[in-house]
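A quick write-up on the structure given underneath.
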Amino acid sequence: MSSTHQAAVGHDAPTKNADLLSWVTRCARMTQPDRIVWCDGSEAEKKRLTEQAVKEGILIPLNQEKRPGCYLHRSNPNDVARVEHLTFICTPNKTDAGPTNNWMDPEQAYTKLGLLFDGSMKGRTLYVVPYAMGPLGGPSTKIGVELTDSIYVVLNMRIMTRMGKPALDMLGDSEDFNRGLHSTGDVNPDRRYICHFPQDNTIWSFGSGYGGNVLLGKKCLALRIGSYLGREEGWLAEHMLILGVTDPKGQTTYVAAAFPSACGKTNFAMMIPPKSYQGWKVETVGDDIAWMRVGPDGRLYAINPEAGYFGVVPGTNTKTNPNAMATIAKDTLFTNVAMTADGDVWWEGKDGEVPEELVDWQGRPWKKGCPEKAAHPNSRFTAPMTNNPALSPKANDPQGVPISAIIFGGRRSNTVPLVLQAFNWTHGVFLGATMGSETTAAATGKVGVVRRDPMAMLPFCGYHMGDYLQHWLDMQKSITHLPKIFQVNWFRQDKNGKYLWPGYGENMRVLEWIVNRVHGRVPTQETLLGWVPRQGDIPIQGLDLPPEAIAEATSIKADEWKSELKSQEVFFEQLGTKAPEALMLQRKLLISRLGS
Ligand code: SAT
Ligand code: MN
């Protein structure tokens with residue numbers, strides 16, 4: 001190591017990787033931290049950083065008898081969700097980022113953010129956080145290093161990834177690692193940028209402390225950069241949960257499912273089958289991201305690149321997600337939930353009575369009946385996957401799990417049926433491409449408006465959306481055993497605004513049908529949109545539903561489809577000449593079937 005390296009990165013740098021050392025040196029010269037700390041991921045380090053975070057008021061200890069190892073973090077009130085309008089893909093050519101991403105010229109972005117990073121860590125500590133996305137040593141696993149001035153980020157990365165020495169060991173002398181630089185700056189919403197440089201495998205994030213903006217392994221590397229690498233290298237990086245469902249005979253079927261943020265991926269991935277499903281078991285491989293590549297046997301194998309869950313808290317209770325409740329009982333970081341008088345956490349939709357008095361997510365006194373929410377609608381838990389009672393034994397398998405079914409689901413109060421199966425892969429890609437969903441609190445902006453969200457990747461695709469859809473179509477050439485593709489919508493309502501389907505654990509009934517279809521165990525009924533269950537194939541015994549419930553939830557309403565087709569057209573027009581031919585043909589076929 002040269003003496004300049006030693007001076008800048010500290011004498012105790014636990015690596016001889018020259019690329020890593022010189023990059024850390026350059027970043028440190030720019031940001032000018034007082035100290036550089038290399039994170040090893042040890043228990044002692046966790047203890048030390050947690051104590052320091054408590055001392056600095058970044059973490060508030062919760063009642064350690066009720067929630068051992070749990071802490072509360074209150075973010076800046078203007079920094080509570082992903083900021084899509086400040087998220088950029090910085091490719092040399094604007095067209096490579098495509099019409100659905102914000103674009104900035106890479107040189108301009110480096111210069112602009114360079115000015116913000118300049119001296120931004122003065123008086124602060126720069127933490128060097130090496131991490132692995134994926135099981136250590138696996139063929140799909142990627143290494144990243146995040147430089148950050150936030151203890152909160154370090155402690156979250158420690159839960160969400162395989163962080164520290166093992167990741168550094170896996171990297172060795174290689175220059176193949178993602179370079180992530182993050183500074184919270186002064187958390188000024190006007191000076192906040194999340195910039196991705198796919199060509200340089202680099203991410204610069206400035207001015208935010210919110211998870212999706214700053215835990216750089218997650219949306220930035222595992223999805224935006226990941227999807228770019230996936231296209232180059234012939235695999236898929238997707239916004240999907242992965243679960244294994246085991247039937248009473250012991251056969252396990254693995255399913256990957258894409259839903260937009262805050263639409264129930266975590267609930268579905270941790271589902272407990274209802275009592276009538278004795279002998280069935282659902283196990284979680286992942287709750288948010290899937291990396292899928294073709295295995296030697298021609299099947300599509302998925303890994304979860306993450307090691308923890310960054311889940312939405314409100315609405316979580318022992319009915320909607322008992323496994324999540326168990327998962328967050330210990331060693332969990334809560335962000336922006338409310339606090340009870342005895343130092344426990346509270347949120348809208350938690351079990352039990354609403355407490356008379358709380359401290360709300362901003363630290364203000366809150367009284368029962370107050371019209372404002374006590375917990376922020378996008379409040380989150382960060383919990384290790386090992387806390388999950390339903391964790392799949394395959395969650396750490398470097399080879400991943402073979403996927404037999406892919407599900408696309410949006411939040412739609414009308415139009416889209418409860419469930420349908422695509423006629424084939426190309427039709428399935430069309431179903432994914434034409435996904436729409438009502439917006440949620442996971443991103444800043446208006447909630448509840450339908451937006452096109454192809455494969456739930458709109459905010460996460462790191463290149464041109466048209467090329468992305470073409471990549472999906474092309475994948476069928478290399479997968480010899482194609483997963484079957486399905487579409488679901490748990491959120492359809494009747495004309496009085498009542499949900500047509502109970503959701504949560506009862507989704508097992510739909511999942512069983514999907515598994516039966518995968519294994520060719522039940523015939524179906526063909527409709528204009530795809531194959532749907534025949535009357536009786538999805539059992540509704542024990543549910544408070546009329547006999548025609550499934551028929552209504554899968555019905556096709558001509559007027560709704562008129563506006564749906566129009567909205568899809570606007571989306572495809574945006575893709576211009578990059579809208580894949582095969583999908584345009586699917587669109588024509590659908591229009592002629594519907595006669596609109
Ligand atoms: O906030 S995150 O981007 O990490 C989660 C999500 O919105 O899906
Ligand atoms: Mn997500």
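Cβ coordinates are placed from backbone N, Cα and C, and glycine is handled just like the others.
Pulled from TrEMBL, these are the features on record:
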- 23-231: domain 'Phosphoenolpyruvate carboxykinase GTP-utilising N-terminal' (DOMAIN)
- R82, Y210, G211, G212, S261, N378, S379, R380: substrate binding site (BINDING)
- K219, H239, D288: Mn(2+) binding site (BINDING)
- 235-589: domain 'Phosphoenolpyruvate carboxykinase C-terminal P-loop' (DOMAIN)
- A262, C263, G264, K265, T266, N267, R380, R411, Y504, G505, E506, N507: GTP binding site (BINDING)
- C263: active site (ACT_SITE)
- 370-397: region 'Disordered' (REGION)
- 379-390: compositional bias 'Polar residues' (COMPBIAS)
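Features as recorded by TrEMBL, highlighted on the structure.
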{"residue": "R82", "record": "substrate binding site", "Cβ within 10 Å": "22"}
{"residue": "Y210", "record": "substrate binding site", "Cβ within 10 Å": "25"}
{"residue": "G211", "record": "substrate binding site", "Cβ within 10 Å": "24"}
{"residue": "G212", "record": "substrate binding site", "Cβ within 10 Å": "24"}
{"residue": "K219", "record": "Mn(2+) binding site", "Cβ within 10 Å": "28"}
{"residue": "A262", "record": "GTP binding site", "Cβ within 10 Å": "23"}
{"residue": "C263", "record": "active site", "Cβ within 10 Å": "23"}
{"residue": "R380", "record": "substrate binding site", "Cβ within 10 Å": "27"}
{"residue": "Y504", "record": "GTP binding site", "Cβ within 10 Å": "20"}
{"residue": "E506", "record": "GTP binding site", "Cβ within 10 Å": "21"}
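In this structure the C-alpha atoms belonging to D288 (Mn(2+) binding site) and T266 (GTP binding site) are separated by 7 Å. Classification of R82 (substrate binding site) by DSSP places it within a strand. For the compositional bias 'Polar residues' (379-390), DSSP puts the residue distribution at 3 helix, 5 strand, 4 coil. A Cβ distance below 6 Å to any atom of ligand 1 is met, among the binding-site residues Y210, G211, K219, G264, Y504, E506, by G211, K219. Counting only same-chain residues six or more apart in sequence, the Cβ atoms lying under 8 angstroms from the Cβ of H239 (Mn(2+) binding site) belong to L223, A258, F259, P260, D288, I289, M455, A456, M457, F460.
Listed binding-site residues: G212, S261, A262, D288, R380. Those with a CB atom under 6 Å from ligand 2: S261, D288. Note on proximity: among K219, A262, T266, Y504, E506, the binding-site residues of the record, the Cα nearest G211 (substrate binding site) is that of K219. In sequence order, the binding-site residues near N378 (substrate binding site) (Cα within 10 Å of its Cα) are A262, drawn from K219, A262, G264. Looking at S261, T266, S379, the binding-site residues in this record, the fewest other C-beta atoms within 10 angstroms of the C-beta turn up around S261.
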